[in-house]
Amino acid sequence: MNDIETEQMQAIMGLIVNAGNARGFAKEAIDAAREKNFAEARSKLDEANSALNDAHNSQTAMLTKEASGDHVPLTLLMVHSQDHLMTAITYIDLSKELVAVYERIYK
């Protein structure tokens, strides 16, 4: 694996790991809200957003490379990483709504 492939693999894996972490924190936020622990739920949503920002940074690194004219090969792993990102974004959006619904129900 050459330096370019290694750099691309690091960006892809960063995207997968951080998007997965973001989704996990969002799930923990829902679980906390279900247990009426809204401070914990908000804290987990903050962690989810932070992990999502890290994932976006990995994605931006890949996009910047391609925008500068470098060829970035489309691999199954890259597609998988983008799927993780989109799933995390959707999950976080829905988590925010569910936490708000639980707050409304329990208060």
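Placed from the backbone N, Cα and C atoms, the Cβ positions cover glycine too.
There are 13 other Cβ atoms within 10 Å of the Cβ belonging to His80 (phosphohistidine). Under the heading phosphohistidine, TrEMBL lists His80.
For His80, the entry in TrEMBL reads active site, tele-phosphohistidine intermediate.
Listed in sequence order, there are no same-chain residues at least 6 apart in sequence whose CB falls under 8 Å from the CB of Asp83 (Mg(2+) binding site). DSSP classifies Asp83 (Mg(2+) binding site) as helix under the three-state reduction. If you look up TrEMBL, you'll see Asp83 marked as Mg(2+) binding site.
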